[in-house]
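Student: Pulled the feature table from TrEMBL, pasting it below:
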TRANSMEM  7-28  transmembrane segment
TRANSMEM  48-67  transmembrane segment
TRANSMEM  74-89  transmembrane segment
TRANSMEM  101-122  transmembrane segment
TRANSMEM  134-156  transmembrane segment
TRANSMEM  168-189  transmembrane segment
TRANSMEM  198-217  transmembrane segment
TRANSMEM  223-242  transmembrane segment
TRANSMEM  254-281  transmembrane segment
TRANSMEM  301-319  transmembrane segment
Amino acid sequence: MRVNPRYGVGLLLAAASVLWWAVGMAVLQPLTEPAGPWSEVLPGNNTYWARDLRFTALIGIVLGLVLAAGGRRVPTRIGALLGVGWLLADVAVDRSDLEGWAYVAPLAIAGCAVLAGAVLLLRRRPGDDVDEVAARRTLLVCACVAAVLAVFGAGVESPTDREPQLTWAGLTTGVLMLALTLSCALAAAGSVTGARRWLTAGLAMAGLAGLTATRLLPPDPRVLPMWATAVLLLTGITLLAWDHPDGRPHWGRHVLAGVSIAVGLPVLVIILVTVTNLVPIGPVMTALSGNISISDADSDVLISVVGLVAGLVIGVFLARQIGLGYSADCRHSEPGQPVGKAGQDSL
């Protein structure tokens, strides 16, 4: 039985996310704790930046599992439940105040053990039916979530922006989510053509350049490259994942999608940030983790949650274009490797 490449890629990226979560917990999080070298008497905006990077890695674990499972409905739901359980475990581990590289390996090993258990639980059973259109839509939504989080991760800020760890931590998070973006988008395609592979390579280079520029610029000037990179990646997802009716993109639809994203994404983010200021998700997580509350003059916003919801909303909007009566461009492509019977695998 042929194993679909996305199975191995999904598990590899999920395992990489587990490792990055462990680094975030044991190495980065202590920098923002009251005893850390950069702590403030009254914490302000973005004090708990390491928490956002860690939560982004946690979301990456779920996205990697969904990718490996091909976007199937039951594994997606179980993966979401695993994410909630992992979040609860994250709070418990955070309260234990682990600190240092020595704790990275034990945390990563424990996380990979949980990941292995999830893989066994989500194994495909003989005779399982797959709704290919629904699965492709799920993978496209995952790609959009990863794209938004890649930009938010690379653009992470702290109260001082002087931490030497901030640059490599933000860029590493962005690159990890970029890999998930492109992998999920390609898996959502109706067929994998040579043109799509070249487009994936081009998006990878352009995305890496955008994330690097975002990370290296000061906070205020980096807003423009963040926006441009997000629009580029999200529009690129449509080129990779949407059906090509005659073996070529329907450029009008993709241009319309790009314009809609360029206008709608900033508005959506502003709305979500406003809502998260009204709904005290950040302060609750800060209190549960046993950390010092943010000053009343500032806000405790979980940017990772904003990115997650924004990616979900945009993904649902873009996913509607899959399966609208277009046939997959099989006559112009290599045998399909996406979700479905052509790409049987063990998850």
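Glycine residues also receive a Cβ, built from the backbone N, Cα and C atoms like all the rest.
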Student: Determine which recorded stretch among 101-122, 134-156, 223-242, 254-281, 301-319 has the most C-beta pairs below 8 angstroms with the transmembrane segment (48-67).
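Tutor: Stretch with the highest Cβ contact count: 134-156.
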Student: When you check the transmembrane segment (134-156) against the transmembrane segment (223-242), do you get at least 3 Cβ pairs under 8 Å, counting only pairs 6 or more apart in sequence?
Tutor: yes
Student: Under 8 Å between C-beta atoms and at least six residues away from its ends: which parts of the chain pack against the transmembrane segment (101-122)?
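Tutor: Sequence-remote neighbours of the transmembrane segment (101-122) are 11, 14-15, 18-19, 21-23, 25-27, 61, 65, 68-69, 74-75, 78-79, 82, 86, 93, 347.
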Student: I need to check the long-range neighbours of the transmembrane segment (7-28): which residues 6 or more away from its ends have a CB within less than 8 Å of a CB in the stretch?
Tutor: 50, 53-54, 57-58, 60-61, 63-70, 90, 93-94, 98-105, 107-108, 111-112, 115, 119, 165, 169, 172-173, 176, 179-180, 183, 345-347
Student: Could you pull out which residues elsewhere in the chain have a CB under 8 Å from any CB of the transmembrane segment (74-89), counting only those six or more residues past its ends?
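Tutor: For the transmembrane segment (74-89), the sequence-distant neighbours (Cβ-Cβ under 8 Å, at least 6 residues beyond its ends) are 55, 58-59, 61-62, 65-66, 114, 118, 121-122, 138, 347.
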Student: Within the same chain, where does the transmembrane segment (198-217) have neighbours whose Cβ lies under 8 angstroms from its own Cβ atoms, ignoring anything closer than 6 residues to its ends? I mean 6 or more beyond.
Tutor: 150-151, 154-155, 167, 170-171, 174-175, 178, 181-182, 185-186, 225-226, 228-229, 232-233, 236, 239-240
